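As C-alpha cells, the structure follows; a few thoughts come after it.
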C-alpha cells in the first residue's frame, strides 16, 4: 500500500491512481461495507420515499412551507443514498476503476450535491422555525409558498454548482496541484473550500436552532403560566415547540453522524493519513447513510401530522388487503349458489 501513497505537494492523475484509494484489503472488510451500504441505503430510500409520499399526497401538509423543506431534505437523502451506495460499493467492494476521471468526478459531484442539499434543507427548515416562533404574527406573510420554492431552487442550484467545480476544472489534474489523500483527482484547496462551506452551514443551523430552542422554552413557560387560556394561539405554540424539538433531534443525529467524516477530512488537509485512518474514513462514510435513514423515523415519531397521515395510509392499505382477501370467497360463494340453483331446477324437471 505504501507504493500507492500520494506524495505531498504532488499531483497523481494517472489511471492506476484509482487503485491507491481502494483501502479495503480483506474480504471481511468488503463484505461489511457492502452489508452496511445495502442495509442503510435500502432503508433510507424506502423511508424517505414514504415521507415524500405522505407530504405530497396530503393537500393540507404539502401547502405548508415547513414540509416543503422537509420534502427537499427527503429528496436529497434519497439521491445521496442511491448515488453514494452505487458508486461507493462499486469502487471499494468490487474495485471497479475502469471509468474515466470525468465519470468519477461526476459521481462525486452527485454525492456532494445531495449531501450539501440535505444540510441546506435543514438550514432552511431551521430558518422557517425561527420565523415561525420569533415572528408568529408575520409568519404567513414572510414565508409564502412562492418564497419557499424560490429558496429551494436557489439552494439546489448553489449546491450543484459548488459540487461540480472539480468536474469543471478545479481538480489537481488540470491545476497540477496537490491531490487529496481521500478522493481521487480532488484538489486539496477545493476540499478545504468545501469543508468551509459545510462548517458554515452547520454553524448557521446550530445558531438558528439555539434561538429556536430558547424561544420554545419561553413558549413552554408561557403555556404553563396561562394553562387556563386554551385556544388557537396555545395550540399553535404547542405545534411550534413540538416541531422545534423534532428538528433539534434531527440536528443532533446529523452532527453525530457527520463529525467523524468531517474531522478526518480536515485532518487530511493538514496532515498525512495512515492506511488505518483511511480505512476508518471508509467505514465512517456509511454513517452519512445512517443519518439519512434515521431522519424519517424521527419525523414519524415526532410529527403529529405526518404520523396521522401515515396511519391513514396504513388503514387504507389494510382495507384494500381485506377486500382482496374477501373477494375470492365472495366469488366462490356466488358460484356455489348458482350451481345449486341449476341442480335444483334440473331435478325438478
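Glycine is treated like the rest: Cβ placed from N, Cα and C.
TrEMBL entries are annotated by machine, without manual review.
If you look up TrEMBL, you'll see 47-299 marked as domain 'G-protein coupled receptors family 1 profile'.
As annotated by TrEMBL, transmembrane segment applies to 31-55 (among others). Beyond the ends of the transmembrane segment (31-55), by six or more residues, the same chain brings 24, 61-62, 67-68, 70-71, 74-75, 77-78, 81-82, 84-85, 88-89, 92-93, 282-283, 286, 289-290, 292-293, 295-297, 299, 306, 309-310, 313 to within a C-beta distance below 8 angstroms of the stretch.
The transmembrane segment annotation in TrEMBL covers 67-91 (among others). When Cβ-Cβ distances below 8 Å are used as the criterion, the transmembrane segment (67-91) is approached by residues 18, 21-22, 33-34, 37-38, 40-41, 44-45, 48-49, 51-52, 55-56, 61, 97, 107-108, 110-111, 113-115, 117-118, 121-122, 124-125, 128, 145, 148-149, 152, 155-156, 285, 288-289, 292, 295-296, 299, 305-306 of the same chain, each at least six residues removed from its ends.
A Cβ distance under 8 Å defines the sequence-distant neighbours of the transmembrane segment (103-127), meaning residues of its chain 6+ beyond its ends; these are 18, 66, 69-70, 72-73, 75-77, 79-80, 83-84, 87, 148, 151-152, 155-156, 158-160, 162-164, 166-167, 171, 183-186, 194, 197-198, 201-202, 204-205, 208-209, 212, 247, 250-251, 254, 288, 292. The transmembrane segment annotation in TrEMBL covers 103-127 (among others).
The transmembrane segment annotation in TrEMBL covers 148-170 (among others).
Under the heading transmembrane segment, TrEMBL lists 190-210 (among others).
If you look at the transmembrane segment (246-268), the same-chain residues 6 or more away from its ends with a CB under 8 A from one of its CBs are 119, 122, 125-126, 129, 180-182, 191, 195, 198-199, 202, 205-206, 209, 212-213, 277, 280-281, 284-285, 287-288, 290-291, 294-295, 298-299, 302-303. Sequence annotations record features per position, and here TrEMBL assigns transmembrane segment to 246-268 (among others).
According to TrEMBL, the transmembrane segment annotation covers 280-301 (among others).
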